[in-house]
Amino acid sequence: MASSERGLAAASLFLRVLTLLVLIASLIIIVTNKVYAPFTDVVDPPNLTFRDFSAYRYVLSAVVIGCAYTLLVLPFAGIHVAQGKRFGRGRGIALLIFTDVVFAVLIATGAAAGLGLTVEFQRSPQDSDFKNFLNLVDVSCGLMLGATICMVIMIMISVHPLT
């Protein structure tokens with residue numbers, strides 16, 4: 001394997017690890033984000049979480065699926081760098097690139113759904129707790145967009161040897 005190919009493989013591995021870390025951070029934020037309802041008369045007040053909005057549930061499922069895919073492909077990228085062999089030729093590399101594109105689009109649509117609903121909620125006035133909830137959803141979706149950018153750069157690196 002030429003040194004430029006090894007460098008591209010190492011960059012791809014680094015981007016996959018970065019994608020996984022960013023997706024895990026987004027997952028932690030969306031799961032732990034909660035608003036406690038301001039009911040003083042109720043003994044057990046209802047809490048507002050991502051489960052109460054279908055768009056935020058889609059955000060969570062996109063993050064979980066993205067993490068699972070990245071965890072699945074990460075060992076193959078590590079083997080690629082360690083052994084110094086080409087990952088695949090023809091259909092093998094094309095399938096990998098296609099699945100990277102599909103999962104990048106999935107993560108991007110999850111982030112877009114979360115940001116879209118958050119923008120709609122932010123148009124109306126809310127109390128400070130709900131604003132904090134929406135800001136954390138914004139951060140989580142922004143991290144998802146960062147993971148999508150990492151995946152797009154990985155796709156460009158993967159396509160480079162084919163040209």
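Any Cβ shown, glycine's included, is placed from N, Cα and C.
According to TrEMBL, the domain 'Casparian strip membrane protein' annotation covers 6-149. Remark: secondary structure over the domain 'Casparian strip membrane protein' (6-149) totals 114 helix, 4 strand, 26 coil, with classes taken from DSSP.
What TrEMBL lists as transmembrane segment is 12-36 (among others). Sequence-distant contacts of the transmembrane segment (12-36) (same chain, six or more residues past either end, CB-CB distance under 8 Å): 45, 47-50, 56, 59-60, 63-64, 66-67, 70-71, 73-74, 77-78, 80-81, 107, 114, 129-130, 132-133, 136-137, 139-141, 143-144, 146-147, 150-151, 153-154, 157-158.
The transmembrane segment annotation in TrEMBL covers 56-81 (among others). Taking Cβ pairs closer than 8 Å, the transmembrane segment (56-81) reaches residues 6, 9-10, 12-13, 16-17, 19-20, 23-24, 26-27, 30-31, 50, 87, 96, 99-100, 103, 106-107, 109-111, 113-114, 117, 137, 140-141, 144, 147 in its own chain, all 6 or more past its ends.
Proximity of distant same-chain residues to the transmembrane segment (93-113), defined by a Cβ-Cβ separation under 8 Å and at least 6 residues beyond the stretch ends, is recorded for 23, 55, 58-59, 61-63, 65-66, 69, 73, 87, 141-142, 144-145, 147-148, 151-152, 154-155, 158-159, 161-162. If you look up TrEMBL, you'll see 93-113 (among others) marked as transmembrane segment.
Panel annotation: around the transmembrane segment (133-157), residues 8, 11-12, 15-16, 18-19, 22-23, 25-26, 29-30, 33-35, 48, 50, 56, 59, 62-63, 66, 97, 100-101, 103-104, 107-108, 110-112, 114-115, 118, 121-122, 126 of the same chain, lying at least six beyond its termini, place a Cβ under 8 Å from a Cβ of the stretch. The feature transmembrane segment is assigned by TrEMBL to 133-157 (among others).
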